[in-house]
């Protein structure tokens, strides 16, 4: 059995590649006391998620500020109109502040009930921390042609398509991720936003300075074709048989605004017309009256309410007929006209009889 093991070792040494390979099991990277399990120690800690102005976030990203106090958050309970209000301010520390940006900021709490939002952190394992330290402590390697050629050759051996004949030339090289220690920092409880305080003098100076910079920026100017010497608008576009750009212009026909609209007539004339229509027919619909009178419907209904009733029941529903008092007047006028006609006919008959009496028959 010992001979077999020795042979296996010899074969492994013979097939060994010069390039170091990543371990298949992430547990092999761990040192004593390390674990890849997520650290949930600070899982119940409450965290505020704050959106910073761009200039403040850029300043705080300076590596020289790592581990230093950036500022202080002041929280005060106030009462306004009988309601309690939480006033939160951020004061940037004097050591990190300067005259270019404001020092005092107002923190507005946008959401006090944030759900399912957490903050995580990642940290390299001790093994990779040591490698990073060694690389940073070494002096930089000079990029000579020999070094660059060796670097290209090593990359070709690891990721090149011609190294392994059994490998698919279109296959993407496999990259193994480096395991890290992950920890849960806490749960987000407030979603906030920071704005410069209006009481801070630096905020006013910064806003004025920013406005001046934006005002001084040169903006693109629109130049009309008429302002360019030698160029006319008529010759700017394509020309078809000398018509220039007129082929693209749609003729603008001025439409009469009053076309299709009903013009109101005097109410006296409208009432006379309605009385004549009710002499023709006893019942009228609003549609029929609108077609005959050519008047707006609202104006027509307003005039009808004074002389006619709207029937709401029976076979003539939604139709108009004259009010009783106007019916009596109409009938009286009809009777009067009929009486004059009868009297006129009687007088004519009497005159004819008298003429007959005066005449004598001659045999």
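Cβ coordinates are placed from backbone N, Cα and C, and glycine is handled just like the others.
Predicted automatically and left uncurated, TrEMBL annotations should be read as such.
In TrEMBL, the region 'Disordered' annotation falls on 235-254 of the listed ranges 175-194, 195-214, 215-234, 235-254. Across the domain 'TFIIF beta subunit HTH' (263-327), DSSP assigns 37 helix, 10 strand, 18 coil. On the 0 to 100 pLDDT scale, the model's mean across the domain 'TFIIF beta subunit HTH' (263-327) is 88.
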